[in-house]
Amino acid sequence: MRYVRLCVISLLATLPLVVYAGPQPLEQIKQSESQLSGRVGMVEMDLANGRTLAAWRADERFPMVSTFKVLLCGAVLARVDAGLEQLDRRIHYRQQDLVDYSPVSEKHLVDGMTIGELCAAAITLSDNSAGNLLLATVGGPAGLTAFLRQIGDNVTRLDRWETALNEALPGDARDTTTPASMAATLRKLLTAQHLSARSQQQLLQWMVDDRVAGPLIRAVLPPGWFIADKTGAGERGARGIVALLGPDGKPERIVVIYLRDTPASMAERNQHIAGIGQR
């Protein structure tokens, strides 16, 4: 697919650096920031070559909220590829291991869940207890952060477990990423040698099967477009989505959008993310 030549715009020091393919994405984001009374971060990246197609506040920190679960399952799959884990290994847990919003894991206190089932629950339904159970297998938040450093992400960090990681305090670097780092790391997981082809396809399929992202970019995509995504939401207006998109049913680009520090309702945040992500 042909893309217009990228433009690099130097703004005043008080404004974020913007790289963009045309005026529409920038104008939509500026309008959203004004209406939300908060901050928006966005990166659109070519999946094949890693070129940045559009960006706004690309290097500013935003709470990952539940978008971290894609990275977590990437770390789990890396352990599977290394022979250190098996997707069919069953984990048993107790009532006291459950945290708020565990729609799948709360139903399996008797029989437990496999690693693969936990990843599916964590990504497709954002099950928080599934996320914590998986975090324990990779060494907790510090273990996931170490994995990210190993694959070249020196920015993204996870410091806490669900649900404390959704606190999203202003100025707090804990449990944050930047849009640029998240996009680059997701691309590494899906295209580089950090995961086997089989694991890459599995991670992508879990994102394709996402069942809680309907009101966001999925709501505004043209017919026939591919989408695989993972959303997140937290306190103080935190909201986010990481997605792969493309026409003709093929993933061609990565889109990362984060919001923070806004008093807007969930419905309003969803609407703005959909508007920014609209093709």
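Yeah, the Cβs are placed from backbone N, Cα and C, and that goes for glycine too.
Source: prediction; values computed, not measured.
Feature annotation from Swiss-Prot assigns signal peptide to 1-21.
According to Swiss-Prot, the feature active site, acyl-ester intermediate maps to Ser66, an assignment based on sequence analysis. The Cβ of Ser66 (active site, acyl-ester intermediate) has 27 other Cβ atoms within 10 Å, all protein chains considered.
In the three-state DSSP assignment, the secondary structure recorded for Cys73 (disulfide bond) is helix. Less than 8 angstroms from the CB of Cys73 (disulfide bond) sit Cys119, Ala122, Ile123, Leu134, Leu203, Trp206, each of them six or more residues away in the same chain. The disulfide bond annotation in Swiss-Prot covers Cys73-Cys119, and the record cites similarity to another entry as its basis.
Taken from Swiss-Prot, the feature substrate binding site applies to Lys230, Thr231, Gly232, supported by similarity to another entry. Under the DSSP three-state reduction, Lys230 (substrate binding site) is assigned to strand.
Sequence-distant neighbours of Thr231 (substrate binding site) (same chain, 6+ residues apart, CB-CB distance under 8 A): Ser66, Thr67, Ser126, Asp210, Val212, Ala213, Leu216, Arg239, Gly240, Ile241.
Using the Cβ center of Lys230, Thr231, Gly232 for substrate, the list of other same-chain residues with Cβ within 8 Å runs, in sequence order, Val65, Ser66, Thr67, Lys69, Val70, Ser126, Asp210, Val212, Ala213, Asp229, Ala233, Gly240, Ile241, Val242.
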